[in-house]
Every structure is written in C-alpha cells, then in structure tokens.
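Okay, so here's the structure we're looking at.
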Amino acid sequence: RLGSVVAYFTSAKFLLYLGHALSTWGDRMWHFAVSVFLVELYGNSLLLTAVYGLVVAGSVLLLGAIIGDWVDKNSRLKVAQTSLVVQNASVILCGIILMVIFLFKMQLLTLYHGWLLTMCYILVITIANIANLASTATAITIQRDWIVVIAGEDRSKLADMNATIRRIDQLTNILAPVAVGQIMTFGSPMIGCGFISGWNLMSMCVEYLLLWKVYQKTPTLALKSAKVEESELKQLNVKTESDVKPAEGVQLIVEKDVTGFEPQQEKEISCGARIAEPFITFRDGWVAYYNQPVFLAGMGLAFLYMTVLGFDCITTGYAYTQGLSGSVLSLLMGASAVTGIMGTVAFTWLRRKCGLVRTGLISGVAQFACLVLCAVSVFMPGSPMDLTVSPFADISARLFESEPLPTIASPEDKPEVFFATGMPNLLNGSTTPANSDPEMSPEPVPLLSVSLLFAGVIAARVGLWSFDLTVTQLLQENVVESERGIINGVQNSMNYLLDLLHFIMVILAPNPEAFGLLVLISVSFVAMGHIMYFRFAQKTLGKQLFSCRTPDPKVSDSSPTGNTSTV
C-alpha cells in the first residue's frame with residue numbers, strides 16, 4: 001500500500017498536476033493583482049485596467065493561431081520550457097517595474113511632463129501582455145497536448161485528468177486572489193509586487209524541474225507526429241530508422257535527437273514571404289479550424305463567452321446596485337466554485353454512463369434550464385429593467401457633460417478587484433458601491449429578482465463546466481496531433497472574440513435598467529451555442545443520439561467516423 005502511494009506521488013500524472021497547480025496559482029495571483037495595481041497607480045480609475053484587458057484580448061484574438069502553429073512546429077519540451085520561462089520572467093520584470101513606480105511615482109510624474117510615467121505604464125501593459133501570451137502557449141501545450149499523450153489510449157483516464165485540472169483551476173481561482181489580497185491589504189501594493197515576483201521566481205524553478213521529470217517519465221512525449229510540409233523540411237533533417245514506416249503524409253520526429261542533426265541547406269526566402277508568413281498562418285489556422293469535424297462543438301463553447309451571466313465585474317457591479325454587499329458576493333462566488341467542482345464530477349460520471357457526445361447534450365440542457373431562472377428574474381419584483389429608458393441615455397448624458405465613459409475590466413477571473421478596492425460600480429459610473437453612503441442610499445429593493453438571477457448563475461455552473469470539459473476532450477481526441485496547437489489557438493481566439501463582444505455590449509448599454517435586456521441576450525447566445533452543439537451531436541451519432549448506452553472506457557464515440565485515428 002505504501003509503495004502504491006509513493007508510486008502515485010512520483011508518477012507523471014501527479015507531477016503534471018503539481019506543476020499546473022503552481023502555474024495556475026501564480027497566474028491567478030498576477031491577474032488579480034495587476035488590475036488592482038493599475039487602478040491604484042492611475043488614481044482609482046479603471047482606464048488602465050480596461051486598456052490592459054483590451055490589449056490582452058486583442059492579442060490572443062490576433063495571435064492565437066500563430067502561437068498554436070509555433071507549438072505544433074517545435075518539440076514539446078522546448079515549447080513548454082520556453083513559454084514557462086518567458087511567462088514567469090515577464091511577471092517578475094513587471095513586478096520590479098511596478099515596485100519602482102510605486103516608490104518613485106511623484107518623481108516620475110514631474111520628469112518630461114509625466115511622459116516618463118506614461119511610458120512606464122505602457123511598458124507594464126506590454127510586458128504583462130507578453131506574459132499572458134506565454135501563458136496561452138503553456139495552456140495549449142500542457143492541457144491540450146501533453147495530457148493527451150500521458151493518458152495514452154485510455155479515454156477514461158484522459159477524462160479524469162481533464163476533470164482534475166479543472167478542479168485545480170476552480171480552487172486556485174478563489175484561493176489565490178484571497179491570499180495575495182490579504183498580503184496587499186495588511187502590507188502594501190509594493191509588498192504585493194515583491195511577493196508575486198518572488199513567488200514566480202521560485203515557481204519557475206520548481207515547474208521547470210517538474211516538466212523535465214514528466215518528460216523523462218513519459219517517453220512518448222519525445223515522439224511527435226507532424227505533417228510532411230515544406231516549411232518543416234526547411235527546418236529539420238529528420239533521420240528515421242529503416243524499420244520505422246510512418247503512415248503516408250506523417251513523419252515521426254524524435255525530439256530529443258533533432259538537435260543533433262545538421263539542418264538542411266535552406267533556400268533563400270524573400271523578405272516579402274517572411275512578412276506574409278504570419279498572415280498566411282493566421283488564415284490557414286482559421287480555415288483548418290472551420291474544416292474540423294468538431295467545428296460546431298467548438299463554436300458552441302465560444303458562444304458561451306458572450307454572456308453577462310458569470311461572476312465577472314459586470315455582474316458583481318450590477319449586484320452592488322441591487323444592494324448586495326461584498327461579503328454576500330464573496331459567499332456566492334464560493335458557492336459557484338463548489339458547483340463548478342460538482343460539474344467536473346458530473347462530467348466523469350455522465351461520460352462513463354452515456355458517452356462523451358451525449359454528456360455534452362445533457363450538460364447543455366442542464367445549463368440552459370438553470371439559466372431560465374435568470375431570464376425569469378428579469379420580470380420579477382425588484383428588477384430594475386425598464387425598456388422605456390434608452391440604453392444610450394447614460395452615454396448621451398456623459399457626452400454632454402464632457403465626462404469620460406465608465407470603463408470595464410475585462411478578464412472574468414478578476415472579479416475580486418471590486419471587493420479589494422471597494423470602488424467600481426460600473427453600471428452607474430460611480431467609484432464607490434451604490435450603498436456605500438447610508439444617508440444617500442436608496443430605499444431597499446426586493447431581493448427576489450437578484451436572488452433568482454444568482455441562483456440561476458450558480459446552478460448553471462454544473463452544466464457549464466461539464467460542457468466545457470466535454471468540448472475540451474472532443475478537441476483533444478478528434479484533432480490530429482500535428483494540428484493540436486493551431487486549432488486550440490484558434491479556439492482561444494474565438495473565445496476571446498465573443499468575450500470582447502460581451503464587453504462591447506455592456507459599454508453600449510451600461511445603465512442598470514438595461515441589464516435585464518443583457519441577461520436575455522446572454523441566454524439567447526447560450527441557447528445558440530447549445531443548438532450548434534446539438535447539430536454536431538446529430539451529425540456524429542445520427543439515430544443513436546438519444547439511446548444512452550455504456551461505452552467502452554477505452555473507445556470514444558466522439559469521432560464522426562467512429563475512429564478517432566482517422567479524423
């Protein structure tokens with residue numbers, strides 16, 4: 001028994017979990033803290049935070065396919081180690097720059113009429129964006145590629161590993177911001193910068209070692225299949241043994257031996273061709289994504305990002321206008337994390353009982369059924385929805401008053417900024433909670449509407465995370481190995497595109513009276529996403545769509561051809 005315990009804690013699977021936990025903890029601390037830092041630096045304004053969110057989303061949207069293509073064309077260990085070092089080094093450098101700004105802000109403000117300070121802000125946002133791009137590359141290579149190789153042909157093992165990864169994400173998403181928030185509250189923002197920089201330095205060394213150990217314990221990670229393309233032949237001169245006969249159009253790249261060969265004589269490439277290469281990669285990535293058999297499933301997942309029905313800054317800002325306190329919202333966020341973990345458990349159980357594709361159908365129905373409560377809440381007592389009030393009234397008033405529009409923070413994983421700073425009430429443009437002044441606070445409003453809204457949001461997390469895991473595994477199983485990076489890069493771009501659209505929607509209708517309309521639009525987009533998935537499932541399973549059966553745990557029913565290796 002002791003031997004089996006030791007074997008588990010030294011297995012590649014556990015070491016991968018440990019490395020992911022360290023990486024995610026650092027990511028969540030940084031994503032939370034950087035928003036607070038930018039708000040603190042810019043005089044309690046959300047402008048820098050909004051700019052940062054826009055830059056991050058725009059960068060992944062434009063560069064997702066290119067990052068994925070880089071993942072595909074390089075060895076697994078090189079990609080993982082490079083993205084790890086770039087990500088952590090960028091965060092460390094950002095932390096040092098922020099510490100300098102906090103220490104010498106007044107001096108920087110007087111130099112060159114404040115332009116030097118502005119350049120520091122631009123530098124921080126740029127480096128933080130590089131860290132996020134490197135984090136995207138890490139997520140693609142570890143969660144979409146390494147995990148598939150480690151699981152091997154055992155699809156049940158792959159499902160369990162995916163679910164465990166999501167549970168780690170759920171826990172760190174709540175606990176990491178709380179930890180760094182306490183340090184910043186009882187210390188100072190500068191101490192918080194120093195702590196995060198130190199954590200990332202330590203974490204980078206440990207993660208680097210863990211990646212190497214996982215790579216050593218899984219020899220198949222050293223084998224990477226790739227399409228025989230002219231671009232790859234220009235970079236690698238791969239030597240294969242005479243008894244190895246790869247399938248037509250596929251070659252085996254033994255990663256650990258690649259560096260030992262001399263590169264082929266490269267033909268001269270024109271400057272124009274080099275400039276055009278990223279654009280061609282971008283185009284080819286989106287075309288390849290469209291041609292995937294799981295295209296509709298991926299689109300269905302992306303459409304779920306076009307929603308205000310999550311624990312992001314928009315919904316929490318609305319909750320403040322309805323009289324909910326920060327402590328209540330914190331408890332609700334904790335409940336949402338619990339239901340999210342329940343969703344990962346439901347995913348593994350449903351997959352064993354009904355198969356992967358049907359699990360997505362059941363999860364989608366469950367999520368939509370819960371979100372019906374949100375739609376009903378719009379018409380309940382206490383709802384501020386008033387369609388006679390123009391959604392653009394708030395914008396027009398501010399334009400005539402010559403005041404800047406309220407800005408929004410983009411990443412969904414940073415709602416805690418509102419609790420830590422106590423300032424953003426985005427929907428009415430104030431910098432303090434709606435109920436912060438007892439003398440000025442309005443009469444209490446009935447809580448039936450907001451209660452139904454959050455009951456639906458929290459309950460829907462079960463179906464949401466089960467559906468997310470379903471689509472994730474469909475992409476893992478049905479995308480050929482040589483295209484995993486670029487296809488998942490485009491999937492990330494689609495997710496960010498729909499996420500951007502939902503923030504634009506809020507900017508166009510920021511007043512509380514229009515929030516009910518945003519809820520109905522969000523429910524409609526979720527419904528459209530699940531309709532796309534239903535169409536995918538119908539194409540995949542045909543007449544067997546509603547015949548729930550117990551599948552072979554090592555055979556997936558996710559491939560439209562019935563054989564994932566031929567997709």
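Yeah, the Cβs are placed from backbone N, Cα and C, and that goes for glycine too.
Annotated in TrEMBL:
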| type | residues | note |
| --- | --- | --- |
| TRANSMEM | 45-71 | transmembrane segment |
| TRANSMEM | 83-104 | transmembrane segment |
| TRANSMEM | 110-134 | transmembrane segment |
| TRANSMEM | 294-320 | transmembrane segment |
| TRANSMEM | 326-349 | transmembrane segment |
| TRANSMEM | 361-380 | transmembrane segment |
| TRANSMEM | 445-464 | transmembrane segment |
| TRANSMEM | 485-508 | transmembrane segment |
| TRANSMEM | 514-534 | transmembrane segment |
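Segment contact holds for the transmembrane segment (45-71) and the transmembrane segment (485-508), given three or more CB pairs below 8 angstroms at sequence separation of 6 or more.
Within the chain, the transmembrane segment (83-104) has long-range Cβ neighbours (under 8 A, six or more residues past its boundaries) at 23, 26, 30, 34, 37, 41, 117, 120, 123-124, 127-128, 130-131, 134-135, 137-138, 141, 188-190, 193-194, 196-197, 200-201, 203-204, 207-208, 211.
Tertiary proximity for the transmembrane segment (326-349) is limited to same-chain residues at least six positions away from its ends with a CB under 8 Å from its CB atoms, namely 159-160, 162-164, 166-167, 170-171, 173-174, 311, 316, 319, 359, 363, 415-416, 418-419, 422, 433, 454, 457-459, 461-466, 469-470.
Between the transmembrane segment (514-534) and the stretches 110-134, 361-380, 445-464, it is 361-380 that has the most C-beta pairs under 8 angstroms.
Tertiary proximity for the transmembrane segment (361-380) is limited to same-chain residues at least six positions away from its ends with a CB under 8 Å from its CB atoms, namely 300, 309, 343, 346-347, 350, 354, 446, 448-453, 455-457, 459-460, 462-464, 466-467, 470, 516, 519-520, 522-523, 526-527, 529-530, 533-534, 537, 545.
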